[in-house]
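Listed features, source TrEMBL:
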| type | residues | note |
| --- | --- | --- |
| DOMAIN | 50-545 | domain 'Cytochrome oxidase subunit I profile' |
| TRANSMEM | 65-82 | transmembrane segment |
| TRANSMEM | 142-161 | transmembrane segment |
| TRANSMEM | 214-240 | transmembrane segment |
| TRANSMEM | 252-280 | transmembrane segment |
| TRANSMEM | 339-358 | transmembrane segment |
| TRANSMEM | 370-391 | transmembrane segment |
| TRANSMEM | 403-428 | transmembrane segment |
| TRANSMEM | 440-464 | transmembrane segment |
| TRANSMEM | 520-540 | transmembrane segment |
| TRANSMEM | 663-685 | transmembrane segment |
| TRANSMEM | 697-715 | transmembrane segment |
| TRANSMEM | 721-746 | transmembrane segment |
Amino acid sequence: MNRAIVEFTALSLVVLGCWVLSRLSHRQAAEPDGGYPARREFDFDLGSMWKSVVHWTTTTNHREIGTLYIIFGTFAALWGGIEAMMMRTELLTPNASIWSTETYNALFTSHGITMLFFFVTPVFFGIANYFLPILIGADDMAFPRLNAIGFWLLPPSLLLVRGGLPSQVIGQFLRLFDVHGPLFQFFWTLRDPELGWTLYTPLSTQSSNPQIDFLLLGLHLSGIATTLGAINFIVTILYERAEDVGFDSLDIFCWNLLVTSGIIIFAFPLLGSAAIMLLFDRVLGTTFYAPQGGGALLWQHLFWFFGHPEVYIIFLPATGLMSFILPKFAGRKLFGFKFIVYSTMGIGVLSFGVWAHHMFTTGIDPRLRASFMAVSIAIAVPSAIKVFNWITTIWSGRVRLTAPMVLCIGSIGTFVVGGVTGVFLAVIPVDIVLHGTYYVVGHFHLILMGIIPFMMVAASYYWYPILTGRMYDRQLALFQSLLLVVGSVVTFGTLVIMGLLGLPRRFAIYPAEFASYQRIATIGAYLLGISVLLWLYNMLWSYWNGTPVKTADVWGLKRTHQFTREWQWFERRLEEKYGIEPTEPEITRPAATSVPGEGSPNILVGVEPLINTIPRIAGAAAIGGFIGTMLMSGVLFTATVLGVFDLVSFSDLAGFVGEQGVVIGYLLFLIGGMTTWALLFAVLAEYLPGGPRIITGLAFATIISVGFGLAFYTGQTGLHLLAYAVFVLIAHWFYGFGLSATFEYLSERWEVA
Ligand code: HEM
Ligand SMILES: [Cu+2]
């Protein structure tokens with residue numbers, strides 16, 4: 001099939017569908033009721049259309065620019081999403097029967113680039129533009145015009161990066177009319193590149209497709225746009241806060257944006273420089289990445305020095321949204337606010353020190369490799385702190401299962417598996433086996449899909465009343481959220497399994513025995529696609545037909561004193577515009593207390609004594625970790641003797657680290673077990689919720705075992721598989737038990753923790 005035409009048609013159909021839907025829903029739109037006006041009619045006379053074009057292209061209002069960003073990002077998401085569906089359709093059969101292998105290569109390249117640069121960052125910038133000034137009590141961004149420029153650089157950069165597809169469509173169109181000559185040739189030579197989103201040299205220097213040059217320029221331009229935006233956020237947060245917003249009372253979403261913007265400032269200029277050097281190699285004959293210059297490894301170092309921070313650039317705003325939204329529906333304050341801020345900053349710094357974990361298999365010096373392994377594992381600690389704080393926030397809260405909350409919980413689940421698989425990839429021996437397989441694709445999609453769009457959708461529901469003054473269809477939203485979670489787990493969980501079974505990534509053709517797995521993944525992907533369309537439908541339809549909100553306290557946030565600034569702003573607006581009076585709930589309860597069982601323990605009290613006791617309790621924690629790890633090893637050895645756990649391949653893996661592989665591997669395992677989790681436990685021990693610490697320990701161990709089980713799965717089936725899973729679980733329970741029991745015991749005798 002002709003890919004360009006199919007893709008172009010599908011995208012046009014979705015966009016057209018949105019337009020038709022908005023026309024239809026507007027025709028049926030509810031009559032005005034009382035003080036609440038119906039939406040304005042679409043005006044079709046040229047004069048007013050021109051006026052609104054001028055208005056929207058010249059606006060410097062942060063909320064309007066935010067809206068533009070969100071619409072642009074949604075469009076890019078649909079484009080990239082259609083490509084994802086096309087790839088999964090191709091993978092239904094083991095041979096390349098629907099698209100050619102070249103087309104498949106082009107599809108995964110443009111899918112990745114579109115999603116990372118034109119969907120995720122713009123949508124987060126949109127949300128930030130809309131809400132950041134409101135959340136910090138500013139009138140607008142610090143540099144409104146720079147803000148507008150930052151946005152308007154994006155459409156041309158998208159066109160430069162994705163020019164291959166439109167030009168191919170135009171070329172085919174011209175051919176219909178039998179046009180020849182240089183114009184025709186021009187459109188015919190540009191094609192979507194087939195490089196992968198990492199643009200690895202020497203492929204990217206040698207490929208003759210001129211579209212790659214445009215792509216590099218476009219990436220450069222989008223980098224400039226992103227950097228401008230980041231500077232604006234930083235200055236706005238530093239200088240435009242209202243008098244009563246100090247850094248201690250800056251909300252968690254803005255904190256995350258601040259750190260993200262900081263990372264952007266260091267990461268994107270680097271990408272820009274590296275891309276320009278690549279462009280020079282291609283068109284001016286320089287030799288930056290040629291063997292006589294820096295070689296192909298230079299590109300990889302430069303690219304990943306940008307690339308790893310980039311994954312956090314797109315991940316941190318999502319965690320910010322989670323930390324912001326989750327407490328509202330858990331009915332209690334965010335647990336461990338300070339620790340979440342610290343962990344965010346920690347990630348910001350560490351993210352620049354781990355890039356070479358993407359290059360473990362390139363033959364860099366083993367001693368260098370080992371240090372990158374250590375830092376990569378260390379970066380999991382701040383990520384884990386976030387997860388524990390979220391779980392703990394839910395733990396003794398009173399959860400309301402609205403659509404945003406379903407997405408928050410689903411996100412935590414997918415992030416845990418995504419994060420733990422990441423930790424395993426950070427271990428050199430495991431990475432050597434799994435690098436280049438679907439396992440990696442599963443790892444990053446569980447995070448990229450399982451927290452970023454989840455949180456964007458959650459935010460779109462949570463703030464829908466502020467954005468539109470109406471409520472979305474809640475039933476549909478609940479269904480859509482569930483479908484999104486299920487679709488992601490099915491799709492990307494299957495990818496992890498296929499990777500463990502050894503299927504290499506980035507091939508259109510694959511061995512036939514994987515066909516049924518691929519089909520399951522594709523079905524999951526279609527569920528995702530349907531879920532996205534349902535979301536789009538809900539957003540558009542409810543814009544015209546949703547029930548108008550009658551109070552600003554849509555979510556009952558006043559009850560738990562969580563009626564944050566953006567809602568207060570909304571309340572004032574409702575009163576000014578429609579005369580809707582503020583409401584007060586009958587009963588309120590504290591969102592945080594230190595009384596057990598009532599609200600949350602307040603971590604802000606007593607940070608200092610905690611820090612003083614850390615050295616003392618760390619020792620106790622290490623003992624617990626040692627006992628636990630010993631017990632865990634015992635269970636795993638038993639499982640080996642029974643033949644359900646494959647110790648041989650497990651210890652073979654350790655051999656990759658160095659000569660004394662097995663011993664070093666085991667020592668690493670032991671020391672890791674004794675310190676990492678034990679320290680986490682020690683730091684949080686005082687605040688661990690839910691009654692006995694032992695239950696908490698077991699619960700956390702259960703969570704960790706999922707990732708472990710997946711990572712060290714060696715192909716067991718049937719009863720063996722069951723036994724394997726049971727042993728992994730028991731081993732981790734022993735670990736959790738050893739750790740928490742030691743704590744429980746010591747806390748009575750020594751008053752540790
Ligand atoms: C919890 C800490 C994390 C660790 C230790 C970790 C570790 C790793 C490692 C070692 C790889 C390289 C695998 C290989 O190519 O063989 C990798 C790949 C990747 N990770 Fe993570 N990761 C973590 C979190 C994240 C997060 C939060 C994101 C995104 C938001 C992410 C996105 C990616 C992406 C996109 C790739 C694949 C890049 C590519 O080859 O195309 N990771 N991760
Ligand atoms: Cu990385």
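Cβ coordinates are placed from backbone N, Cα and C, and glycine is handled just like the others.
Tallying C-beta pairs under 8 angstroms between the transmembrane segment (214-240) and each of 252-280, 440-464, 520-540, 697-715 places 252-280 first. Each residue in the domain 'Cytochrome oxidase subunit I profile' (50-545) has a pLDDT score, and their mean in this model is 91. With a cut-off of 8 Å between Cβ atoms, the residues of this chain six or more beyond the transmembrane segment (697-715) that come close are 388, 391, 416-417, 419-421, 423-424, 430, 496-497, 500-501, 645-646, 649-650, 677, 681, 690, 724-725, 728-729, 731-733, 735-737, 739-741, 743. If you look at the transmembrane segment (721-746), the same-chain residues 6 or more away from its ends with a CB under 8 A from one of its CBs are 620-621, 623-632, 634-636, 638-639, 642, 644-645, 673, 677-678, 681-682, 685, 692-694, 696-702, 704-705, 708-709, 712-713, 752-753.
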